[in-house]
Amino acid sequence: MGGVKSKPKELGQRSRSLDDGTGGHHHHTPNPTSFTPNRSPPVEGSRRGTQPNIINAEQALFGGVNSTTNSITSPNRIGILGGVTTFVALYDYESRTASDLSFRKGERLQIVNNTEGDWWLARSLTTGESGYIPSNYVAPSDSIQAEEWYFGKITRRDSERLLLNLENRRGTFLVRESETTKGAYCLSVLDYDNVKGLNVKHYKIRKLDSGGFYITSRTQFSTLQQLVNHYRQHADGLCHSLTDVCPVLKPPTQGLARDAWEIPRDSLRLDVKLGQGCFGEVWMGTWNGTTRVAIKTLKPGTMSPEAFLQEAQVMKKLRHEKLVQLYAVVSEEPIYIVTEYMGQGSLLDFLKGDMGKMLRLPQLVDMASQIASGMAYVERMNYVHRDLRAANILVGDNLVCKVADFGLARLIEDNEYTARQGAKFPIKWTAPEAALYGRFTIKSDVWSFGILLTELTTKGRVPYPGMVNREVLDQVERGYRMPCPAECPDSLHELMLTCWRKEPEERPTFEYLQGFLEDYFTSTEPQYQPGENL
């Protein structure tokens, strides 16, 4: 780890007294490997906290971080009504249409009109040119949101995902809002020692009534900027002095551009065929000659264009960093569905491929927690997926997982599918009340999530091996449940069994599943040791 020294004993004791105000709060990921979720490798552009010219096309253009949930990188919105008219660019942006405005990180912009939601009309104070800009790419000048180290409403778990990257050195840091104390902040710092390896320490930044800030009351600062600068110069009780700002990729824009929803077919180019299913194909493509996207083409007759367009209006409002973002549609047959592009394809193919062989339980559980996070949002929005399985989860670089194809299953008009029997219907993933009586709810999605956990722990094996669909339905009705997969801890199999309870209301919520999986290696399996496969 590049000259890491053991910290002195007294420093360790002082650190424990400072951390989170309660003592030594840190999170350790067992057996850290190169699989550090939520980071993607370089492609183009720039990322906050590093030198320019490093960005991932998938995340930059289609990363799914949103304004309706905790966002990794979006600044808090501040309107121009209060006299704040000058904003600063947080990232580079290349225009995608004639009405867009290109700008560079650090450029100052005057907001002309911010009443149109996700895209604001702005004028560059550098070039004098005007055009539309993505509102989540700018922050008010001289505000905390404009600081490279300020990550806003990022969760504790996401801060750890970002910091626990093997490219980061000891002392890499970020500042975020406290999840537990309103108005307070948290300083998250990457640490390393020979016993725990890489781990993240979290220090609560408390606010004085007079407006100042402190981690320990003997050292107080009038601004957060002064606090950060102080701990850059001296560890002063922290696990390490602050070194680098945590790198983060550009967030996605909300939509492809202003007013780009129902788009002409000729604005899309199908570049590389990625897959084919019962109802259509999936392509990597390009929109408007500028923007990489994924395009799902549906066979004519698969669903009613009118019903699809109505459902798509709901689907496009679902915005969460763990849901694949719906960007645009071609609403005449053959229907095209345009979404963000995920570079590693479906989770099922990923698990069965070369990368799958290298995955161990910490990475698999982290992927499961990301899926549960996306589904917890679906749960909060009172929506239902209806077809949750590894084939409908997409993987980005560095094990970012996102839920795809939510809500589409309801619209399929194929007789063999709607009868819930035959090869086209995913019986093995479907809860009995949904398969037998068509009762699809978020609780039938929870059942499917339990099946998905078996796909993860068996690296993509088909559920109920050796059994045909009809047999599965009969056996499950009689109380049969799949046994614990090889090397899978009993505690994880017990979680699967709770997802497969006969009575839907007795199954856990996705909110519970997310919390259980995020804390799995601290609360449930702290003694985990890697095995041959898991």
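Each Cβ is built from the backbone N, Cα and C atoms, and glycine gets one as well.
Swiss-Prot lists Leu274, Gly275, Gln276, Gly277, Cys278, Phe279, Gly280, Glu281, Val282, Lys296 with the feature ATP binding site. Less than 8 angstroms from the CB of Val282 (ATP binding site) sit Lys273, Leu274, Gly275, Gln276, Ala294, Ile295, Lys296, Thr297, each of them six or more residues away in the same chain. A strand conformation is recorded for Val282 (ATP binding site) in the three-state DSSP classification.
Summarising the annotation, Swiss-Prot assigns compositional bias 'Basic and acidic residues' to 7-23.
As annotated by Swiss-Prot, phosphothreonine applies to Thr73 (among others).
Residues or ranges marked as phosphothreonine by Swiss-Prot on the basis of similarity to another entry: Thr509 (among others). Packing around Thr509 (phosphothreonine) is summarised by its Cβ count: 16 other Cβ atoms lie within 10 angstroms of its Cβ, all protein chains included.
Among the features that Swiss-Prot reports, region 'Disordered' is placed at 1-50.
Taking the centre of the Cβ atoms of Leu274, Gly275, Gln276, Gly277, Cys278, Phe279, Gly280, Glu281, Val282, Lys296 as the ATP site, the nearby residues of that chain (Cβ within 8 Å, site residues left out) are Thr297. When the alpha carbons of Thr509 (phosphothreonine) and Cys278 (ATP binding site) are compared, the span between them is 31 angstrom. Shown are the binding-site residues Leu274, Cys278; of these, the residue with the fewest other Cβ atoms within 10 Å is Cys278.
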